[in-house]
Amino acid sequence: MAGHGAGGRRASTSRAAARRVEAETNENDDLAAAAARDLAAAEVPAEVPHFELDEDPAFWKDRNVQVLIRIRPINAAESTANGQRRCLVQDSSKTLSWTGHPDTMFTFDHVACETISQEKLFGVVGLPMVENCMSGYNGCLFAYGQTGSGKTYTMMGELSKLDNELSKDSGLTPRIFEYLFARIKEEEERRREDKLKYICKCSFLEIYNEQITDLLEPSSTNLQIREDIKKGVYVENLMECYVSSVKDVMMLLLQGVANRKMAATNMNSESSRSHSVFTCVIESRWERDSMTHLRFGRLNLVDLAGSERQKSSGAEGERLKEAANINRSLSTLGLVIMTLVDVANGKNRHVPYRDSRLTFLLQDSLGGNSKTTIVANVSPSICSSSETLSTLKFAQRAKLIQNNAKVNEDASGDVMSLQRQIEDLKDQLTCLKKQQNMPGSPSFKLLKSGYGNEFNSLHGVDDQSACDLELLKQKVIHLEDVLVGSLRREKSAETEIRKLECEIKSLNRLVNLMESDTRHLRTTVKLRDEKIRRLELLADNQISSDGYLMDENAAMFQEIQLLQEQINDNSQLTQFALENKRLIEQVRMLEKFSKQGEREMLLTEISLLRNHFLHILEQKYARPPKNMEAQGDVTIKELETCRKELDACLENNVLLAREVNKLRCELKQYQKCGTGQVAPEVVESSVIPGINQKQHDQAGWCGSYLASIDVERQFVDVGITTDITESLELTPPSEIYSENQDSPSRLHFSDPEICDLKNSTKVLEYNSSRNLLDKGIILSGQLENECGLNSVQNDEISLVKENAEKMYGHDEISVYRQNEILHSSEQLLQDELTHIKSLNEGLKEKLIIMAEESTKLSEIIVAKDVEIATLSEEWESAIVDLTSFLTDGCSSLDDAYQNIDNMISSFPYNNHSVSEHVEKAMKVSIEKEKIISRLQIELQAAQRMGREVKEKLHILRGATLAITEAQLLDNDESQEALKLLDLMRQKDCTVQELNDNVKQKSCLFAEATEGYSRHECHLPDNVGTVAEISHNRDGSEVNQANTHYQAKLEDVLHLVEDKSNKVLALFSNFEEAQETMEEAETMLSSLLKANEELKLEKDSCRQAVELLFAERTSLINDLQELEASNSFTAQRYDKLHEQVNGCVAEMTNLATIIKESFHQVQRVTTVELFAFCSEVISFGQDLRKWIYESRSYLVNMGALLEEQGNSYAEQNRRTNSSTYAGVSQQVESCSRQLGGMNGDIFPGTYMVVDGKEKASVHVVPFGSNAELEDTNVERTFDMDYASLRREFDRKSDVAEGLSFDLKLLQESTSQAKDMKDKADEISDALVSVQRELEKKTSAMESILKQQKVLEEELAENGAALLILRSELEHSESLSSELFKENNNLKVMLEEEAMMISETKAMLEDKSKVIEGLEHEILLLNSSEEGRLMSQIKELNDNLKIISIDKGNLEEEILKLTDKLEMAVALAEENEAASIEARQAAEISKVYAEEKEEEVRILERSVEELESTITVLEEEVCNLKEEVRSYQIYKKSEAEQAQEMFIVDSTSKCDATEQLCPGRCQLEKRLKAEIIAHQDARRKIECLTMEASCKDEEVRQYKEHIAELVLHSEAQSLLFQEKYQEMEHMISKQKFGLHESNSDTGHTKFEKPSGRTRGSGSPFRCISSIVQQMNSEKDQEISVARQRIEELEGLVCNKQKEICMLTSRLAAVDSMTHDIIRELLGVKLDMTNYANMLDQEELQKLLMASQQQIEQSKAKDVELDMLKEQFDHLIQERDSLFDDMDQRKADLLESQLLIEQLEQREQMLEAQNGILQMEKDNLQQRIMEMDEEIQLLVGSNQAIAETTFQMGSNHRSANSEFSRRLAQSDMLLSHARHEHSRLQAAKSSRTRRGSHQ
């Protein structure tokens, strides 16, 4: 990647240099050429390929989720921004590729390209959805994608309709509903017979900011989602509208779309800001077979709001809040889909449906009962590549969801409504029958009129053709066939019904038997439980044996009494039996009566009527027909009426059959309530004969014929009773079936005869058959009346049955229970043991049978598996052959078609025979194609069958496996023994194999030694031949054969050389053998040493094992003691706890009681005291008031008495002195006047005073007047005194009462004091009780503390126990490991012994070989050839040298082994280093990411610079436009000046008149030019100011970039230093500190995550980055210090742990000594198993060695992997450093570019200065022109010359100005190109960084 990036950068820099050169060379080109180049640089849009969508009608059969990707075209904004650059490429109609890094391919169900129309999309997506919803499935279709990807266009599109047709841009929703209502109309018309009706309900809602709003009723907001068991998830108070056409749906859609939240963003002009859900519920209802079927489907059409980013959409304020809510709900949707995918993969996950309103509402659509289609909309433009990728990943995850769609159908009809309907139909039937039978009914009249017309027509017929007769005959035959078929169907239905009834009866009997068995079992179980309970009590000695026997006798006596009572209560059984006998006799009598000839008479009459009917028909058809047309119409009408009546009869039959079935079901239900239904059936049988007798009496007027029919029906009714009675008497089912068969067969036999009679009455209208017809009508009416009477009687019978069943149900149940109790009590004791034994034996037999069956099944399954495998192979081969044959046939057919076409085209003229042959061939080929297609279908069917068979076999395998597992569980011990035997055999086999291998190797070695000896044997023969030749050389033949000898000698020399070479080879082999021997010796020595060491280790291990066993025993004893103590302490603790709880409960109860009593006493006393005190206080106050009042009253009375006494004294004095005279005079006058009336006065005075004081009254007449007055005064005084005395007495009485009350008050106060004293005593007692409570609570607390201490001790003991157990386990594991090592060592020793013996044998062989070689060497020494000896010496020297080298090599091998160990240690350290290096790499990755963020911030700053540059460019363009306008203005002025000169030259005489206005115009123009120049100057000054500002900003940017570069370099240096320090620490660190290093690594990894991102502006970001870098340095220093401290702490902890381990090891050693002691005792018992253990140990050692070898190999592999990972990490680090260097280079390049831009800006400033200078020059020239204009007034020629010069100067100035402007434009375009190149390089760099 780095290489590619460097190459790309070099290429880009070279291209930039080339562009610069071209720009410098083409500086003088004009603006048009630059514009043309820009247009040529733009990309030309490539043609998008078109892929058609594949429609798969069988897709939804086995799948429930469909995912479709829709790609929208690139819009204008995207094309202007990025051209036609794409991030997606469609490969096919189901695949597309993402062109980013890395290139990824996605596969979906459908991929819709940019050119797919809305109609085609609806055909693939919407149409199947409608079909599924009409079939009763729930459906959901929702569009997903980013904002502006075309979701709303896909779902809604254009909702307007043109000419009642949808436009081509209409979305899926209107098209779906258009097709839906068309299908509804079609289905309703097609299924009109089923009364199919569809109902559609629609609702429209939106989810805006996680609040649900009804779009059809916008006032209802914030609706709530509810969940119901029946409804599922629904929205509360949501408006649902019924729709019946597309127009209604369009109105709702328009209304909802108008109310939906829409807003404009940067990505879309009309962006939907909410999720909308349009729901349609489609309900269909139809009737079939008197059942109402209901089916409904829910269709959800969801338009999701798009996911968006704030940067791209520019959302602010409310739009930003909306975007946040939308993204939240969409992220929840993605999370739900991810969890659903995990659930589909078999993981247990919680699906967070309720985290969002959208997912909660679409719960069924996502992983529920629905067929769901997801349309993912994507944009192919490169600017939205990340959103497109996320959408594709979302769709790929959604494809893995698994829904479970079901048909929502309810086929349960309303039973009550059906029953009512049956009753209504019954009533209608009876009414119709009555109306038809009545003579005044219209049907009767119609019959008569019809018969009269037919009679007239028969008499007045004309001669017609015989064809009409044949037609009528055919119609009649057809009707007769229809009647026969209907009767046949009825008979078949009746037979099926009877069969089902028999089956139901048998099943009921079985059910009753099962229930009786269960009841018997329950009673037996209860009795057994009671007996067991008694026996347990007897066994526990809770009841004595005598008591047990007494209890059992009493219980048995009670049971016997109860049974006797039940038998006595059931005295009615005998009565029922007698009634049964009587009813059976009646039935027999009725049967005899019916058999005596009534049925035969009826049959004879029917046969006579049938013959008569046939005779009439023959006469009718024999006569010549007249007026056949009218007769044909009448017959047709009659046939239609017959057909209608037939249909009605059939319907009635069906209804009656259903009623019969229902009645039978009810009877069965009643029968299930109790098996012995004797009483009700007897009552029924007793009631029915009376009813039948009534029926017979009522029907007596009908004659013998009707009486016979009545008798027959009575027989039928009585047949029912006989059935019931026979069922009670337990008759066989065949007889019941025959009895049931008789009654309906007779009825059905009479029904067709009656129909024949009716038909005969309708057809026959002759005079001769009039009487028969009338008779038939009367009979039919009577029969129908009888039917009605029978129905009434049947109703009465059913009522009587119900009453009887209700009355006798209780008696039946009681009788049944009594029978059960009797039966159970009689057979209980007898069958108890036998039943249990039989059950056990049966279970054993079943187990054995099941085992045998399972084995047989397993064998059969294995055989079947083999057969299936062979069949599947044959089938696959056959399929391959068939497919190849079919493909070959297709190819041959194609070739034949081509050949035929070629032949036809080759013929010059049309030949009919050829065309016929061609057509035949075509037909044959078509037929073959059909055959091929049929074969393919059959192939597919066969494949399906094969799959089904495989599945069934798989199920059978599972069952057999389950059975075998059950058997295996039963036979575990035997299997383990077999396994051990197998292991032993395997071990024996392995030992034999090893012995065989050793023997083979020894044989090979022997063969090699024999070959070596043969070669050595050949050597002396050769030497002997050479010696013989030398001896013969001294002979006489030497001279003769000199030449020949020389040749031979040369040959021999060659042979000798060859042999010497062979000898050298042998010596080399010998040296190798010596080396191997030496190595074997060294190995032997090392093995002997190792063996001795192993023996020592074995002894030590044995000792350790003995110690461990001893420790184990001690630990076990300690554990047992601890457990015992623990149990004792636990018991003690429980007792204490119980005591404490009891004490606490008692104390709490006492406290509560005392508190309650104290509170009650306190309340009572306080209430009484308060009441008494208040009474006392009120009474005292009243006393005080009364005393005070009495005192004041007495004082007043005394004062009044004194005043009255004084007044009386004064009055006496006055009366005595002054008034005495007047009184006397009055008295005298009175006496005079009254002188004559003394007699009247005295009695009057006496009468007046008599009631008061008689004495005074008597004194009055005898005293004088003065005395009378005195007496009056005295009397008044006496009276006053008496009244005062009375008051005084009364007051004294009151005072005494008050004193008594005071005494009572004193007593009450004393009582109150006593009560207070008592309350104080009670309070003291309470205080004492509280103190006692506190003491007891303190005691309780102490007890609880002790309890806690005990619990802590228990916990510590438990922990100690756990520790001891863990140590025990550890010691056991150590002992087992040591045991295994001992076994391994034994095996190694044995192997070494074998190797030693083998090496000894080899050494002996080699010693023999050496002796032979020495002998040969001696022989060679004795020979003449010294060269060989010298060579041998040299060889010996070489051997010595080689042996020395070998020793050196061995030393080097030892060194290498040491190095290898060091390398292993280093590798382990390198592992730790690699771990830390990974952590460091992760930290560097994080650091690189932070740097990338900084680079992004710099890129943002560069973007801001780019924006400023664009602003400057715009201003420069504006200047250019102003300059151009100024040039145009100058040109126009020059043209006007030329025109003026021409005018002046032509009219010299009028020059003086025209000078004044021309001058004025020139002055005005000059002023305008001056103003324009001033404006231009101002603008230039503004531009210079802005340029200076931009220079300052660029300078600041440079400074900041330089600081950033310095900081980054410093950071990289610090990072390198830290990395080196880390490596140094890793090299120094020990192996035990890896975990701490990993922890610190984690802390380091977590450290940079706390870094905060910078702010928006680049300057703040740079300053924050500097601060962050400083803070990071401080943090890293602190982290390093912490790490040092942690390492020191870890060292201390490790030392402590080492101390602990040493102490534990010492304890373990002591324990092992004890264990070894115990093992010594155990060894005596293990002598018998020594051989077996040795073999097992051998095998274990072999296995352990193999495991060690495998572990070493695995460790080597892991080391290699770690090394590779380490190398990979190093490469990643290098790549990171390279990236850093590249970024530095990029920064430097950016700095250079910025400097170049600054230079260009300086150039532009210089050009601006030059332009200003030129402008000043122009102004000066304008001034000069003004002066020249003034001079023009003098002379015309001077004016012409000056104007001409001015024009030329202006043109030259304008040309120079335009040239400079062109140069500035070129520079600007060059800068723009450079800027775009930099942008592209940065974008590519960021992509590479993100991919890396």
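Just so you know, the numbers here start at 1 and follow the chain as drawn.
Each Cβ is built from the backbone N, Cα and C atoms, and glycine gets one as well.
Look at Swiss-Prot and you will find 1-28 (among others) tagged as region 'Disordered'.
The predicted model assigns the domain 'Kinesin motor' (64-401) a mean pLDDT of 86. Sequence annotations record features per position, and here Swiss-Prot assigns domain 'Kinesin motor' to 64-401.
Within 10 Å of the C-beta atom of Thr152 (ATP binding site) sit 24 other C-beta atoms, taking all shown protein chains into account. Feature annotation from Swiss-Prot assigns ATP binding site to Gly145, Gln146, Thr147, Gly148, Ser149, Gly150, Lys151, Thr152.
The feature coiled coil is assigned by Swiss-Prot to 406-438 (among others), with sequence analysis given as support.
Here Swiss-Prot flags 486-526 (among others) as coiled coil.
Taken from Swiss-Prot, the feature coiled coil covers 1066-1139 (among others).
According to Swiss-Prot, the coiled coil annotation covers 1303-1357 (among others), on the basis of sequence analysis.
What Swiss-Prot lists as coiled coil is 1396-1528 (among others).
Annotated region 'Disordered' per Swiss-Prot: 1633-1656 (among others), in sequence order.
As annotated by Swiss-Prot, compositional bias 'Basic and acidic residues' applies to 1633-1649.
Among the features that Swiss-Prot reports, coiled coil is placed at 1780-1841 (among others).
The annotation region 'Disordered' is assigned in Swiss-Prot to 1870-1892 (among others).
Applying an 8 A CB threshold to same-chain residues 6+ apart, the list for Gly150 (ATP binding site) reads Arg70, Arg72, Asn377.
According to DSSP, Gly145 (ATP binding site) is assigned to a strand segment. Sequence-distant neighbours of Lys151 (ATP binding site) (same chain, 6+ apart, CB under 8 A from its CB) are Ala143, Tyr144, Gly145, Ser272, Asp303, Leu304, Gly306, Val375, Asn377. Within 10 Å of the C-beta atom of Gly148 (ATP binding site) sit 26 other C-beta atoms, taking all shown protein chains into account.
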